[in-house]
Amino acid sequence: MAADETTQNAPLLDPTGSPIASPSMEESYDHVIVGGGMAAVKAVEGIREVSPEATVAVVSEDVSAPVYRPDLSKRLWAEDEASVQDSVLVTTDEKEPAAPGLNTHYLLGVEVSDLDPEAHTLVIAGKTVSYGSLLLATGSEPITGQTQVGARVHTYRTASDFRRLHGAVSKSDRVVVVGGGYIGTELAAALTGVGAQVTLVSPRLPLLSHMLPEELAEAVQKDYEERGVRVVEGRYASVTEAEHVAEPTEEDIPQDPEPAQDESDEPAAAEETGQQEENLSRPSDYGLRAPGVLTVTLEDGTELNADRLVLALGVQPRTELAEFAGITVEDGVVVDQMLQTSAQDVYAAGDIASYPDALLGTRRVEHADAAETQGLAAGRAMAGQGEAYTHTPFFWGDLFDAGYEAIGEITTDHTTVVDLAEDASGAPDTSTAVVYYVDGGTVRGVLLWNVWDSLPKAEELMRQTKDEPVEDPEQLKGRIPLG
């Protein structure tokens, strides 16, 4: 099919980052990227570094343009003037660094239904398209179990998820966030920041104790509770939506002691009456239900009333296309150091890639740095100038006023060595810390708690102890300065 004028331009984007018009599809591309996230955008960049004139198609089921995903749980909630448009990674202005180039077609809102690695073809929106090289960057999808996402039940992964939740949550809305991991804790903080009444359900307490040593985990949970987050230990079972208003009874409503009846108490009594009327009109956790109100049930039978439920139960890699095509899949799409899969000219990057980490062995990482660095490396390899991927990805998080950067295996399954700061009296201060995660004398991970610009030192320490394990892990304290 001859290219018409439309196919020579990247799609126009509206202020939300959604396409106004999609380009026509060619019969053949030099490079095809399946997936429309951060790995895909960086892969285009890698291809363009090597082969500026190559034809590239980026195919995504998402109708929105790629965005910088960390903003979805951080900056877009914290900054009043921030918008999704600011986080869009693809523009049509060639003066912008993220501009995809005239020969890059973003085919959004379409599905890839078939892949034949031997024939170098795939079926896009019912049409067979051939490729020279292919990148699978299909990312992950939220785990929901048997629960259906609906008007009041949310998952959180994409820009569309952000728009739906951010646009729906009102001040004083009761929001239950299920999942005490990376995204659940960040979302609980973000929702509290906009005035929601948040209940955070975690299978294990204190919060983040699967990755933080006890003293830091306890400090995090205390901070959350002091800021108004209700923290509940438990595992999610189901959610139901009320169909009617339950009439309150006297037993349903907590009764406060009656105040003394004198003139000085009259304003307070009136204020208390108003508060009681508000409670009657807005059911709370003592059992009242209203139309649209959710009841979230935990495995132990605990029931939590909510206006909205956010499922942050983790994600699973989207490997169906690779499996269908006979590509090796084992906890992700298996790739070599060049990020090539078991199929010739087919690469994988980002959340789905199970790759050989130079320091840690085979692993799969679901964070932005992995998506960007693997996408860039895969793009260069697709265009013929690949190098072994030797980077160990890092990640970071914001928990109200606390922040951290981390690299490697951040799990309390390893031995943890905690280097805490001290306050003026010499007592341990949990506001600043470096945590070393050690296995057999080798540092497998480092978490920098309110300590910045030390990731290169952490990576170098991991490299050193891989070759020369430490005899006493306590000797690691001080290897990375606290300030």
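Glycine too: its Cβ is placed from the backbone N, Cα and C atoms.
If you look up TrEMBL, you'll see 1-10 marked as compositional bias 'Polar residues'.
Residues annotated as region 'Disordered' in TrEMBL: 1-24 (among others).
The domain 'FAD/NAD(P)-binding' annotation in TrEMBL covers 29-242 (among others).
What TrEMBL lists as region 'Disordered' is 241-288 (among others).
Look at TrEMBL and you will find 248-269 tagged as compositional bias 'Acidic residues'.
Taken from TrEMBL, the feature domain 'FAD/NAD(P)-binding' covers 293-375 (among others). Mean pLDDT of the predicted structure over the domain 'FAD/NAD(P)-binding' (293-375): 98.
The DSSP breakdown of the region 'Disordered' (463-483) into helical (H, G, I), extended (E, B) and coil residues amounts to 9 helix, 0 strand, 12 coil. According to TrEMBL, the feature region 'Disordered' maps to 463-483 (among others).
Counting same-chain residues at least six beyond the ends of the region 'Disordered' (463-483), those with a Cβ under 8 angstroms from any Cβ of the stretch are 359, 415, 417, 419, 421, 432-434, 436, 438, 440-443, 446, 448, 451, 454, 457.
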